[in-house]
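In Swiss-Prot this protein carries:
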| type | residues | note |
| --- | --- | --- |
| DOMAIN | 3-166 | domain 'N-acetyltransferase' |
| BINDING | Arg75, Pro76, Phe77, Glu85, His86, Ser87 | substrate binding site |
| BINDING | Val88, Tyr89, Val90, Gly96, Lys97, Gly98, Leu99, Gly100, Val101, Asn127 | acetyl-CoA binding site |
Amino acid sequence: MSASIRDAGVADLPGILAIYNDAVGNTTAIWNETPVDLANRQAWFDARARQGYPILVASDAAGEVLGYASYGDWRPFEGFRGTVEHSVYVRDDQRGKGLGVQLLQALIERARAQGLHVMVAAIESGNAASIGLHRRLGFEISGQMPQVGQKFGRWLDLTFMQLNLDPTRSAP
């Protein structure tokens, strides 16, 4: 798959919205049940920009969004600065082509460049592809929480994975 990874722009929001709403309606990757509108994604985009956090997109030669990735604060308390939670979503017809790896690798590089310390992934425990992707890039399972969510008429379990971006770094 020939795709370029780049910073997202406002023009990418309709493509991001379509991928997001597909995940809402058809997967357990997002635990929301109600699709969102473009204003919601614009507010999310603006919030990431204010916080200095990236939104990356994988796009084809025509600029069409094939996937996206981002991170934001893990928790809103000062003691968690340096730790972010990330998301990676790939368009349904593009899954299994390596875009998730490309997006997550680029996101890890960006987090390291920003001097962050830990990246956290919160993954529905049945999502073997996402767990495998994260393991491949060095993430380790750090916890599991059974039946903490629900969607599609069933309980969902949550697996936490994390990557220490600089294990030799001293505490501040």
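Counting starts with 1 at the first residue shown.
Each Cβ is built from the backbone N, Cα and C atoms, and glycine gets one as well.
Note that the structure is a prediction, hence the values are computed from the model and not measured.
Cα spacing between His86 (substrate binding site) and Val101 (acetyl-CoA binding site): 13 Å, rounded to the nearest whole number. For the acetyl-CoA site listed in the record, the two most distant Cα atoms among Val88, Tyr89, Val90, Gly96, Lys97, Gly98, Leu99, Gly100, Val101, Asn127 lie 17 Å apart. Closest to Lys97 (acetyl-CoA binding site) in space, going by CA atoms and restricting to the binding-site residues Arg75, Pro76, Ser87, is Ser87. Ranking the binding-site residues Pro76, Phe77, His86, Ser87 by how many Cβ atoms sit within 10 Å of each one's Cβ puts His86 at the top. Looking at Leu99, Val101, the binding-site residues in this record, the fewest other C-beta atoms within 10 angstroms of the C-beta turn up around Val101. DSSP assigns Val101 (acetyl-CoA binding site) to a helical segment in the three-state reduction. Spatially close to Glu85 (substrate binding site) yet at least six residues away along the chain are Tyr71, Gly72, Asp73, Trp74, Met119, Val120, Ala121, Ala122, judged by Cβ distances under 8 angstroms. Val88 (acetyl-CoA binding site) has a Cβ environment of 24 other Cβ atoms inside 10 Å.
Distance between Cα atoms for Val101 (acetyl-CoA binding site) and Ser87 (substrate binding site): 12 Å, as a whole number.
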